[in-house]
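Copied over from Swiss-Prot, here are the features:
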- Pro7, Met8, Glu9, Gln68, Lys139, Asn200, Gly201, Glu202, Gly224, Arg225: FMN binding site (BINDING)
- Arg35: site 'Interacts with tRNA' (SITE)
- Asn95: site 'Interacts with tRNA' (SITE)
- Cys98: active site, proton donor (ACT_SITE)
- Tyr176: site 'Interacts with tRNA' (SITE)
- Arg272: site 'Interacts with tRNA' (SITE)
- Lys274: site 'Interacts with tRNA' (SITE)
- Tyr279: site 'Interacts with tRNA' (SITE)
- Arg295: site 'Interacts with tRNA' (SITE)
Amino acid sequence: MRVLLAPMEGVLDSLVRELLTEVNDYDLCITEFVRVVDQLLPVKVFHRICPELQNASRTPSGTLVRVQLLGQFPQWLAENAARAVELGFWGVDLNCGCPSKTVNGSGGGATLLKDPELIYQGAKAMREAVPAHLPVSVKVRLGWDSGEKKFEIADAVQQAGATELVVHGRTKEQGYRAEHIDWQAIGEIRQRLNIPVIANGEIWDWQSAQQCMAISGCDAVMIGRGALNIPNLSRVVKYNEPRMPWPEVVALLQKYTRLEKQGDTGLYHVARIKQWLSYLRKEYDEATELFQHVRVLNNSPDIARAIQAIDIEKL
């Protein structure tokens, strides 16, 4: 079984990847998207999104990292894909699933689901630009406002020469509403294709992962939000281990406050610690109290002191 850590814009950056891969057994991480418009991006853009390039495209604990590109113009997707692998990325991924209004308004992400030909052209251009021994993956949803084009979308990915396909089991319009998850549809796509299909959506624990794999027939899953709810989720999903005890979660947060974000203006940890605690509150009652304590703090040093002051031995 493979477990991949999903790309989550504004959430799963290099520091969080470092922390989560240290306490997990992820097979692969995908970066936050690199927005490609009409130019070959400077090298520094790739290094900013993925400092792991300085470590052979691996996190400090050794987990491989693949870059995700977001755009709609095949030529520029291809040129930036070529640059990415020249810099050392282990393959590239094409974002065809982001539901953000901002992203969709500029023609990227899930907007491509409306026209599978665009997905085909983009993925094909990337495949031709990247050496054959390196993977080119694509992440999609079941469609824009319905699943009517799901097979056309999947066929476009395979015919373009992609190595594997990640399918989020909802349409763009369904967003992240739990009641709409359709693992069966992912399974129908898997049966149709000859390339590996990775299931994504509503995987929160061992039981949901087993159910997803049973229904879809997939032997690989990608997890996103759940990885923040339960920091050791890949081990829960892979080995049926118990969730990380709260004292260990606090220790992880304490380490987080000690990590430095390149280019930080002093507000990084203010937003990110509060954000992570909002996810943790879904699984840990203790996180609610801590969140209430830090939510009124508005600078990184105060946040760090509040987290560091917790005596783990007394928890």
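From the backbone N, Cα and C atoms, a Cβ is placed for every residue, glycine too.
Features recorded in Swiss-Prot, as mapped to the structure shown.
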residue : record                     : Cβ neighbours (10 Å)
Pro7    : FMN binding site           : 24
Glu9    : FMN binding site           : 18
Arg35   : site 'Interacts with tRNA' : 18
Asn95   : site 'Interacts with tRNA' : 26
Cys98   : active site, proton donor  : 23
Tyr176  : site 'Interacts with tRNA' : 13
Gly201  : FMN binding site           : 26
Gly224  : FMN binding site           : 20
Arg272  : site 'Interacts with tRNA' : 20
Lys274  : site 'Interacts with tRNA' : 14
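Using CA atoms as reference points, the recorded sites Asn95, Arg272, Arg295 were checked against Pro7 (FMN binding site), and the closest is Asn95. Among the recorded positions Glu9, Lys139, Gly201, Arg272, Lys274, the ones whose Cα sits within 10 Å of the Cα of Asn95 (site 'Interacts with tRNA') are Lys139. Put plainly, the recorded positions Lys139, Arg295 were compared by Cβ crowding within 10 Å, and the winner is Lys139. Using a 10 Å Cα-Cα cut-off from Lys139 (FMN binding site), none of the recorded sites among Arg35, Arg272, Lys274, Tyr279, Arg295 qualify.
Using a 10 Å radius centred on the Cβ of Tyr279 (site 'Interacts with tRNA') and all shown protein chains, the other Cβ atoms total 18. The recorded positions listed here (Glu9, Arg35, Tyr176, Arg272, Lys274) include Glu9 as those with a Cα within 10 A of the Cα of the residue listed as 'active site, proton donor'.
Per Cα geometry, Glu9 is the residue among the recorded positions Glu9, Arg272, Lys274 nearest to Tyr176 (site 'Interacts with tRNA').
Checked against Tyr279 (site 'Interacts with tRNA'), the recorded sites Arg35, Arg272, Arg295 differ in C-alpha distance, with Arg272 being the nearest. Taken over all pairs of the listed FMN-binding residues (Pro7, Met8, Glu9, Gln68, Lys139, Asn200, Gly201, Glu202, Gly224, Arg225), the Cα spread reaches a maximum of 21 Å, rounded to the nearest whole number.
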